[in-house]
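Everything on this sheet refers to the single structure shown next.
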Amino acid sequence: MSFTMTEGGFGVGDYVAFGLLCTASCAGGVWYSAIGSRTKAVVDIRDYLLGGRAMSTFPVAMSLIASYVSGVTILGTPAEIYNYGTQYWLVVVGVTMSCVLVASVYLPVFCTLRLSSSYEYLELRFNRHVRALASVLFLLDEVLFLPMVVYVPALAFNQLTGFNVFAVGGIMVAICGIYTVLGGLRAVVWTDSVQTGVMFIGVLLVAAAGTIAVGGFQTVLNVASESGRLDLNNWNFSPYERQTGWGAVVGGFLYWTCFNSVNQTMVQRYIALPSKKKAIAALAIFCVGAILAITLCVWCGLAAWTAWVRGGCAESGKPIVDDRLLPAFVTYVAKVQHLPGLAGVFLAGVFGAGLSSLSAVLNACALVVVEDIMHGWLRLRLKPLTEGILARLFTATLAIVSVVMLVVIEKLGGVLGVATALSAVAASATCGMFSLGMACWWVGPRGAAAGALAGALLAATASLGTQAAAARGLRAPPRALGLHCTNATYEAAIPLDPETIFPLFRISYHWIAPLGLVATLSVGALVGWFFDNQRDIKMDAELFTPAVWRFLPSEAHEHAGETRRNLVNKITESPAPSSPLIIGQGVDKIEMNGEPSR
């Protein structure tokens, strides 16, 4: 049977499997929505946004995975592999390096200070205006990213069933919005746990059934090897090549660090755990889960490629294919293997990934608006009931905006590259601000703000420029088709000479986040050195990462713990521990709320 990329269709068994799994995955959200909609829960804004800081490790780890292993990863990665080979898989090395860096550099600061929002750190280290700048960048970033999260599952559903993309997106947002608006972080985390499990089941079944359908594990490896799609030896330093080893490892490392380290959707879950040890454990589980998810998606791309080659290299399936690849391959496998319900399970996994990412972002945005914009920048504090209602109203509004913006997303192609490029703009700038604050003790508010603006401007210019060039027809050609497909050739739809495009607009999406991060750090460090008043910079060793403690001025060690004690006194109006957390080995034995561990 030929694989033509035109496969589709949804049977009764698929609808049953999809309905049962989606209902099960949302059950926890419905339960916590019922609890969260009570008057007491509406009033307790901290419990709504942070889950009472008493969440369990494994559910939080699953929620971390769900935050960034979305439908974009599930649909975008196989298409990337199908077109360009497995070089992208090396991003798992970058993911691992990123998690190690986050655990050793950024996480200790957040765990020590016990903040409600990651951006609150910027006010403690710099001032409230820097905090507001980072918060606005985050919100703009999520406004761009949310429609992508909604569009991918809606696109898969459209291809398999024929339902309108906008109708499916609206239903998806309505389901997710209800339990996120009413249930808060508890509903999000527990629902994410189940949905992440469904996602893994769906992708794993597709990978296993697809491998069997095309002739087995060795067949996939042989076909991929003969066509050059197993080649991992491209270590070209050129930033213009879409996939290289350096781009996947270094670019992937810096891109994932920008998100894992300081992004509110991640930090919000770290600080929802009661101790630093549990936060690191959750981060380790996230690392393993992310690597497994990426690897499974890579294998699905190779299996789909094998199916196309062994099926005769049909014209409609030749590279460059778009993000409809995996839904078509799932339908192909279901027909070849006579597996009714497989498409339903797969679609439930894609929906679960999309719903979990959507709910994670919506909840994080609500926290940023209340804690960072209202409390931190505007100094506006309302009655708890009013704040609880406003947080929910903002969540609902953002959900509606994500559906409206599907009109724009539908015009773009290659969601993996687009999502990476657009979301890297704010992520690189905010990560740079935190890195300046935690590592560069001479940088003050001027340096942080100048660096962030420079990084965001450069990354935005590169990102929007590359998308404009892609819209004009500039796309990297796929890898060679191999000896099995001599009858098929790739021709660009709109021939475009790359030399006619400004060099900055030709760089690979892997390098946009590093570009913004380097610009933020360079400009921020220089401006801070020459223009920040050193006497006004707060010197407290706990505001800096343990990696630079030995280099800090003596004043920082003398005032170690003052910021944290002031925060504790302000919140509890009770004496805080007199000894700073950074002395000796005590930091590993102290819970994040300042009380001794048991």
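Placed from the backbone N, Cα and C atoms, the Cβ positions cover glycine too.
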Among ranges 244-262, 491-509, whichever one TrEMBL labels transmembrane segment: 244-262
For the transmembrane segment (197-224), distant same-chain residues with Cβ under 8 A (at least six beyond the ends): 21, 24-25, 62, 66, 69, 74, 86, 230, 289, 292-293, 296-297, 299-300, 302-307, 309-310, 326, 329-330, 332-334, 336-337, 339, 342, 345-350, 352-353, 356, 482, 484
Closest-packing stretch to the transmembrane segment (244-262), where packing means Cβ pairs under 8 Å, from 56-76, 88-111, 283-308, 345-369, 511-531: 88-111
Positions whose Cβ lies under 8 angstroms from the transmembrane segment (283-308), at least six residues beyond its ends: 3, 5, 57-58, 61-62, 64-65, 68-69, 73-74, 77-82, 86, 88-89, 91-92, 95-96, 99, 102-103, 107, 196, 199-200, 203-204, 206-207, 210-211, 213-215, 219-221, 223-224, 227, 229-230, 260, 270, 314, 317-318, 325-326, 329, 332-333
